[in-house]
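Note sheet for the following structure.
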């Protein structure tokens, strides 16, 4: 019989030959696996089927069949003779077919080996837009009447490989306006009508295509006259250098026959173009010879002037005040004023203090004596500076700057000073400039300095730092009519004039008038490698039109960068088409490492920047928009911004970041001014309204636990040639070197290992096939894959939970064992099916937090083709040999964020791995390196406490949220102004939020309640982890994202506006007192029964539900056809385990065995914090039976011989011996300390039944 299992087969016949013409309704070209499953789910009837292209084998197909609400997938592979066959199990004869139609016809009959016969073909959903609705609906791309276009006829060869030549410029006519790309109108008519006539002619044996020939001749008719003009001009130029040249062009023009047929016209045009090519080459050779002859008799040229050195950074001074406590202020009398002078070139910081008698007192600190900068998050213009006074002693001074911008400028100058005088051969951090501009098909003005220097509106750089050159400049333009070479020269000349540096062009890629250019400092040219360019068309049939994207990627030493510049579909109502443009670009743009072809470009690069004219508009009345803009109130407008809305629905730019927008909409201005928006346009079809919008955007996505900060994001206000304003963004990006181990290559004795204890994934699919995982990383010699999963279950027809134990997972061996190398590495995972070898989801995990002697938990999200498809969690560790534990401080770890300065003078500053400036919605602050050497941490592990319990893990800090420092309960306080050493755990996870005894960030604060149970001391030092999400700026609600350093402070998934939140576990529902029949929330047990128990501590009230239908359906097939499928996968997957495992309670943290405590974000399955290795045993008895077996312990003695008998004997006495293994494993092996156990500890040990928890706690209470 036909089988769904097998290895990938060879490529073969393409779909065109296999299908025949026209394509049948059941064939879906470019349909994703997830979309196919949703179409079949909507059909809902057994035997529904469709055929799509295979995602794993080029030229192959996938037959998807629905049977009993499950989707079964069969691969259809071509053989060497282009015959097609369904992949079968071993031993089953193979049936071969010439076309897919024949294959489907056979398998439509019963008993042919499939799970059922093919009965009901499923057609693809029709697009809402009519087929003749072209991509120029709002007139955005029309050429302006003023200023006129340049009359230059020079054609510059493109720099990037694969770029099309620039088309010769033609006069603007009404016909050209209706067809911006020159072919769209005529070609569209051919595709609608004449295409079928040519097809019939070919079937009749014709060897030519008369209608296509006529179409091409008509389209190129104007090109004839243009070529004639160019040839005539070149003939005159040729005679300047060669008087004897023959008038060949004149004869050629005279030979033209005005009554030529379409085919003769094309032949004549090809001949002219060939002559034109020879003429251009000949003129260059003749001119070179003549000029060489002239130069041989000319006087010698004067010597070239010496190359100017780059401009030096002048000494900058900052006026500050010393921030002192109230007590110090009374002693001093008034606050002290200082002047901080930064000498970048000299590597010095001078503190100048003016005293009352006009005398000056100054202190000079060299760059190596400035130990740390600590930004205050509460006071935006406050900065703490830690100086080295003498050996091993530091002093912290807090300064108040004039403004937050001055503080940022001071920090940037000090970082530049550190970088200049660093002893490292390779940089740890570079500065990247991103610029995007729709030029409106007119040449740029002579002066675009404001764009290059990030001056204008929004978040801009301080004037002190605008002249500091960036390491990399990336310019993305749309509707750029300037030739590639001319544009590149213009950019280099502008940068040369601004910085005195001759920037090197790394790549230039063009598609029509969409261009991206990358230039780097000369000193970095040899650090760039693996340059790749690509382009994608997104017009009609992804072929015609003027929309699309261009991209560039490269390696900067050991860090991969990707840059995508796009121009998406225009029109207020074209949101869905813009979304599809984005998904097409994500899937089809070919950039980066070819070995990572299983991953889309959002996961192939350490840092991916996506920018351009995205064309998303504002959904608001024009007058309201104008009123808000006039009042500079952008918050209401950002709430109706289409890009923000689509991102909140997880439809586009999944877990990308964008800096907060604080500048006015960049489109559509009156040309020549920035005071008026040209929103009213008269068109032949009527009046067109182009509302002011933020069409031009810059977004980015970075791997978890990497460093990236957006220092500016705004637009210019003095470049007025286009109806768009140029936008800019500057970024501070951490980079890694091409690591060379001082110890040499790893030997067997000192090999590092990446070991997995278990992995569990929840995958969005209606299939019930088996899965395996592939592991990719630059630290591995080759990719590795696991065995198929050994367990799987499903409580929801559209989701499948699959699990791998350590036996099914490989042990990975990195090529280098040094910790300094491994802490910069990442692991890419893809979950693939055994039936079709197609990916069901991909993710990235940082190794940095996994390094250690004990296993660490990771939790992140799966995505495929830009869609969220599930989540994955696991337990793993990276073992590093002791002799390879040496590491060093990174430059970007020099600045940290102090979120809570309350009592800062009486306690140590919060030395976190960085956090965020609240002014920057998605800024990633610099982490601060722990001063304790890593080798010391491994050599001197913490001693366990004498209680017999496992030691509580040390406090961890997160880049997104440093821990709130707690007052020390014992020990001497820290000396005033002296920074305390960081905690003894150097491998915290900055990609996840670390919470210590604080409520969930997204839940409303609770009023104090005297009845609330205090936080148990046993969990005092536990570290809770939740998964962050990149916020869309302060104006947008946060969402859960993968463990990415680009994420904001968020602890859960919020549903999109048009969907109600997922149902919380029953235990999280709080009824009003009048409706709650019994005290305490309802708790659902493993057997599905309900029991009542006391409300758990730290419970949070359920947030109010937005209006909308109740989310009762868990089967996607039951969703109405109008469902926009935007609800988060994790919200829908949440109900998977509510029956199997009792939830820990709302807002509660479920402790994992080991050093980390996993707090399940909202929207994840309720058992997400359950221990991976020690699940609680299944409780089959009913609650009543359990209660009948319970026996109270006598008063006056220990429960069940507590203290005399062992743990097992006590548990057997009360009938709960099943929990002995879990309790012992979690450290509760000593009955003397069992009285300290809490409800959370019981849940951690696997006691999920509320009646059993109550029995254990009551018994222990009686024994006290």
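Every residue gets a Cβ built from N, Cα and C, even glycine.
Features as listed in Swiss-Prot:
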- 124-137: compositional bias 'Basic and acidic residues' (COMPBIAS)
- 169-180: compositional bias 'Low complexity' (COMPBIAS)
- 944-954: compositional bias 'Pro residues' (COMPBIAS)
- 957-971: compositional bias 'Basic and acidic residues' (COMPBIAS)
- 1002-1017: compositional bias 'Pro residues' (COMPBIAS)
- 1054-1065: compositional bias 'Pro residues' (COMPBIAS)
- 1093-1110: compositional bias 'Pro residues' (COMPBIAS)
- 26-122: domain 'SH2' (DOMAIN)
- 137: phosphoserine (MOD_RES)
- 170: phosphothreonine (MOD_RES)
- 246: phosphoserine (MOD_RES)
- 358: phosphoserine (MOD_RES)
- 892: phosphotyrosine (MOD_RES)
- 896: phosphoserine (MOD_RES)
- 964: phosphothreonine (MOD_RES)
- 992: phosphotyrosine (MOD_RES)
- 1137: phosphoserine (MOD_RES)
- 1141: phosphotyrosine (MOD_RES)
- 1168: phosphotyrosine (MOD_RES)
- 1263: phosphoserine (MOD_RES)
- 124-182: region 'Disordered' (REGION)
- 903-1123: region 'Disordered' (REGION)
- 1140-1178: region 'Disordered' (REGION)
- 950-955: motif 'SH3-binding' (MOTIF)
- 989-992: motif 'NPXY motif' (MOTIF)
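A simple way to gauge crowding: the CB of residue 1263 (phosphoserine) has 21 other CB atoms within 10 angstroms, across all the protein chains here. If you draw a 10 Å sphere around the CB of residue 896 (phosphoserine), it holds 29 other CB atoms from the protein chains shown. Secondary structure of the domain 'SH2' (26-122) per DSSP (helix as H, G, I; strand as E, B; remaining residues coil): 19 helix, 31 strand, 47 coil. The two recorded residues residue 1263 (phosphoserine) and residue 896 (phosphoserine) have their Cα atoms spaced 49 Å from each other. When pLDDT is averaged over the motif 'SH3-binding' (950-955), the result is 37.
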